[in-house]
Amino acid sequence: MMSNKTFTMIKPDATQKGYTGAILDQIIKGGFSIKALKWTKLTKEQAGAFYAVHSERPFYGELVDFMSSAPIIAAILEKDNAVADFRTLIGATNPADAAEGTIRKNFAASIGENAVHGSDSDENAEIEGNFFFSQLERF
Ligand code: DAT
Ligand code: MG
């Protein structure tokens, strides 16, 4: 299990607004080290597969369109208690509810376009990391 690892994406809104460097800086200053990193752009099919768990939700179509609309950064991060600590660092899903100083408070525009993804469990961190990275692309 990746109990000391989590998976993140810097989402299309943030890459398009030029926030990539500032977000990576906040992640590193937050104590996370980068174990894998790539700049890519998802197809609709890939975005749909990544978010398949949400396929019955009313916002699924909007989410898939948004996540395939522009490039993203995908990364595997390492830190003790990575999943929970990263969720704290990014803040609530809706930036209006996110704590001061969190990445979503600092950089997100709306609940749909909320700047970053963070895995919600060790199991999903492993599944999501494997979605983007081969064994050769991580250490
Ligand atoms: P999180 O990304 O905080 O884990 P989630 O897993 O509940 O949140 O939802 C995944 C993404 O779907 C979320 O980052 C943005 C989008 N989303 C969630 N709820 C939404 C809503 N009510 N309207 C529009 N998009 C939403
Ligand atoms: Mg989630």
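Yeah, the Cβs are placed from backbone N, Cα and C, and that goes for glycine too.
Over the domain 'Nucleoside diphosphate kinase-like' (3-137), the average per-residue pLDDT in this prediction is 98. Summarising the annotation, TrEMBL assigns domain 'Nucleoside diphosphate kinase-like' to 3-137.
According to TrEMBL, the ATP binding site annotation covers Lys11, Phe59, Arg87, Thr93, Arg104, Asn114. Cβ neighbours of Thr93 (ATP binding site) (same chain, under 8 Å, six or more residues apart in sequence): Arg104, Ile111, Asn114.
A 10 Å cutoff on Cβ-Cβ distances gives His117 (active site, pros-phosphohistidine intermediate) a total of 21 other Cβ atoms nearby, all chains included. Positions annotated as active site, pros-phosphohistidine intermediate by TrEMBL: His117.
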How does the domain 'Nucleoside diphosphate kinase-like' (3-137) divide up by DSSP, counting helix, then strand, then coil residues?
64 helix, 24 strand, 47 coil
With every protein chain in view, what's the tally of Cβ atoms within 10 Å of the Cβ of Lys11 (ATP binding site), excluding that atom itself?
25
Chain-internal residues, separated by at least six, CB under 8 A from Phe59 (ATP binding site):
Gly112
Residues satisfying Cβ distance under 8 Å from Arg87 (ATP binding site), sequence separation of at least 6:
Gly118, Asp120
Site diameter for ATP, Å, by largest Cα distance between Lys11, Phe59, Arg87, Thr93, Arg104, Asn114:
21
